[in-house]
């Protein structure tokens, strides 16, 4: 069970979890540590101005998109995105175990009560110390996070099995050894904390203080607290919401947001998730067994390499001694090469042993932790963490299956010495390759008839030469950054076809492929030049739009079912080049003021475009228009829209500007400057307006000529 200890320690304080709570990202943290890493945000970032709460966050943040990309937008334009809504950037520190920790928002309260129950500063933000995802707390503060009763039970059992000394639960820094436990408060104290937080006077004088060992026994014998609903603290969980994947109480079903969701019996889902976790553990257990056998094989390889090295050196010395008069100078050079090869092989094998040992220890720890979790009889507590554990188990199992259990180095020295040449040819004496049975694979051939580009995606296909007899274990596809920069790996695997998304529009990329096996890698294929689409073709995105938006015409036409303004985004984001699209007004009743422009992916969807700091827009009625960003209105311009009007939006990253047009005439000055980052086309409207999107358009001639003059 020693490997499991990593699963039981808080990433902030490095000690065993004390009163752990579950963050929305499924990671755990001590209640006291959660309070210490709270950060108070400015009023402009308050929950009223952002779609975030203690139990919910917005989908993405454009800063996180750039930071979490496989490669930055400036470098290549393709990558993998994801993350919580970020809090404002805050200087970070390093905790003892190397995770990111924000500075305390305020001094910890000096009270004998649980720190998480004290008041939380208004507009507080907390960042997960493991995945660095952030969210803003609602009025409930830390009480909005469920407590991990299952983890508490596992820690109690682990500490009992280790007979570990009980620590004080209120020490601000390194916890000292506890000297007493209050049976009423259920808290362990050291002497200084007891005198400061639990003085023997007033109501506390009636509390019973017992030795820590006796307190541990009484705590173990007392029934464990049942997990309660975070929204209704007096109610126990009674059902499981299938849509939200969380236990809920009966009040949530009758009054809360789960009233229209599908629910199932708590006990049935508890058994189902236990069964799923057990099945996942079976597969991971097999991988762990294979890993142990693989480590034995690697350790044997070290001995074999040592023996083969000695044998090879002896053979080399014997051959050199026969030609000693002519080979003295050459012998030293050859021995140096053998030693270098020897050290290289050992280094590769030892590095792989170290890597596999760490991975196996982590896998074993996860397995032991999961087995302990399965022993728990708290259905709601188990269901709070089961989905995350199942995903972790599957992910760990997949990681073992990606060529991890294959030696990276052979034990043989693929060298031999040819001593047949005459003495006058000694200066040409060198090692020759003898292991012709294991050559590298042949160079792959790109199948040009199957390679193509569509919009900002590229599909490439390749194959081995028809007469090749050496099998390839996999392929490595490389692309440059679209600006003639260095090549970077974008795919490694056994497939012979790959589609790369997220490239820049109107850009030229170079692609090449090579094959590999245990012996090494092949030569690169011929370089293929790929040209992405000059203009962007896209539609509106139903997945990110407000639920009141109504789509038609293959998602090119939108209107709304509400009298309030609702936001819809385009499916394609831009960060480079010049892009132009138009929207025609199909219906315009009662003089509303729709807004057109660009926005980040996490823009607010239930207010007019431009009300928050994630959108840059022009809103217009039948007489005039305004530019708006972060609820700031500028540049009132005469001239409005009617049914049949055309609104043009021009996003120019070369000049870092955003410009608007109405009926082919520029509306006002340049709307916004210094435009940088990842932007999505955006519209806000109500039920009185219907618009149709037109894409794949060239930049207007009058703008191009004006730009060339400038």
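Keep in mind that glycine also has a Cβ here, set from the backbone N, Cα and C atoms.
Here Swiss-Prot flags 168, 171, 193, 198 as Zn(2+) 1 binding site. Residues annotated as Zn(2+) 2 binding site in Swiss-Prot, with sequence analysis given as evidence: 229, 232, 252, 258. Among the features that Swiss-Prot reports, coiled coil is placed at 273-340, with the record citing sequence analysis. Residues or ranges marked as domain 'Fibronectin type-III' in Swiss-Prot (evidence: sequence analysis): 440-535. If you look up Swiss-Prot, you'll see 41 marked as phosphothreonine.
Recorded features from Swiss-Prot, shown on the structure.
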residue	record	DSSP class
168	Zn(2+) 1 binding site	coil
193	Zn(2+) 1 binding site	helix
198	Zn(2+) 1 binding site	coil
229	Zn(2+) 2 binding site	coil
252	Zn(2+) 2 binding site	helix
258	Zn(2+) 2 binding site	coil
Using the alpha carbons only, what distance in Å do you get between residue 229 (Zn(2+) 2 binding site) and residue 168 (Zn(2+) 1 binding site) once rounded?
28
If the Zn(2+) 1 site is taken as the center of the Cβ atoms of 168, 171, 193, 198, which further residues of that chain fall within 8 Å of it by their Cβ?
169, 170, 176, 178, 187, 188, 189, 190, 192, 194, 196, 197
Going by C-alpha positions, which of the binding-site residues (232, 252, 258) is nearest residue 198 (Zn(2+) 1 binding site)?
232
For residue 252 (Zn(2+) 2 binding site) and residue 193 (Zn(2+) 1 binding site), determine the Cα separation and express it in whole Å.
39
Give the mean pLDDT for the coiled coil (273-340) on the 0 to 100 scale.
84
Using a 10 Å radius around its CB, how many other CB atoms surround residue 232 (Zn(2+) 2 binding site)?
15
When a 10 Å sphere is centred on the Cβ of residue 168 (Zn(2+) 1 binding site), how many other Cβ atoms does it contain?
23
Chain-internal residues, separated by at least six, CB under 8 A from residue 171 (Zn(2+) 1 binding site):
190, 193
Quick one: pull the CA-CA distance for residue 168 (Zn(2+) 1 binding site) versus residue 232 (Zn(2+) 2 binding site), whole Å only.
30
For residue 258 (Zn(2+) 2 binding site), nearby residues of its own chain (Cβ under 8 Å, 6 or more apart in sequence):
241, 243, 244, 248, 252
